[in-house]
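Participant: Take this structure first; my questions come after.
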Ligand SMILES: Cc1cc2nc3c(=O)[nH]c(=O)nc-3n(C[C@H](O)[C@H](O)[C@H](O)COP(=O)(O)O)c2cc1C
């Protein structure tokens, strides 16, 4: 059992788990691929084989299915209003299945293995999607339903997560003009900034047909060879097609913001191995406990 001496309350502006990640990726800059799980509450494809319904009975709704995929963490984002809760910033395509999974069930968990330092960070929290303000009302209402806008105390948060996002992200989705969030952070400006920072090759991925749909529905592999491979910011003299492609890509591009509430850190780079958990306990404090590795 952990003694009181093993607990540390960290009021630091930058939590120790963040410092550990920053230290690791400062040495291994390309080790920013994580795997993030979400819950799919209306699985259709691939079929959920864990609970087959006999053909003779009425089909029952399949149980929720866990999904997982790789993502790139692009940066930390620390809002001046919440200095002790760093957000993780990734990006995605608004049309991908993870978006509806997150908007329905924002609780996520991710695993970040940094091979260079032999360290694993397992982060539990909530994810929020910040789409283009031009996206349809359906997306915007999705966000409104799933993410109440008002800040609550973080007390008692832990691996279970389960509270509203506290960063005014939801108001971006639903606010008139899609501009500034309640607490003054301009999420649309950030979204455009991150989009522009992507390579021209990456930008082109957001103006392809909907990811995950059958290629045959879009002309097959031969048609795919003609899709744009690079997109540059248009100038006045750019062609109408180039301008259209830029707009399409920017409209499909979405920020994926992860708000951690619990971090399980395992250090296999030291002997004996060490393991710590960090629980956000509210008022900007993280409680740290060393665990058996
Ligand atoms: C190394 C690597 C990095 C990736 N990074 C991202 C990313 O940052 N954002 C993203 O949406 N998809 C990324 N993908 C693709 C996803 O893993 C996934 O295939 C795609 O987004 C569809 O996911 P979904 O069907 O769960 O929505 C990456 C894939 C790999 C292999």
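The backbone N, Cα and C atoms fix where each Cβ goes, and this holds for glycine too.
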Participant: In TrEMBL, which of 205-225, 226-246, 247-267 is tagged region 'Disordered'?
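Facilitator: In TrEMBL, the region 'Disordered' feature sits at 205-225.
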Participant: Choose the correct range: of 6-35, 36-65, which one does TrEMBL annotate as region 'Disordered'? Give that range.
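Facilitator: Comparing 6-35, 36-65 with TrEMBL, region 'Disordered' matches 36-65.
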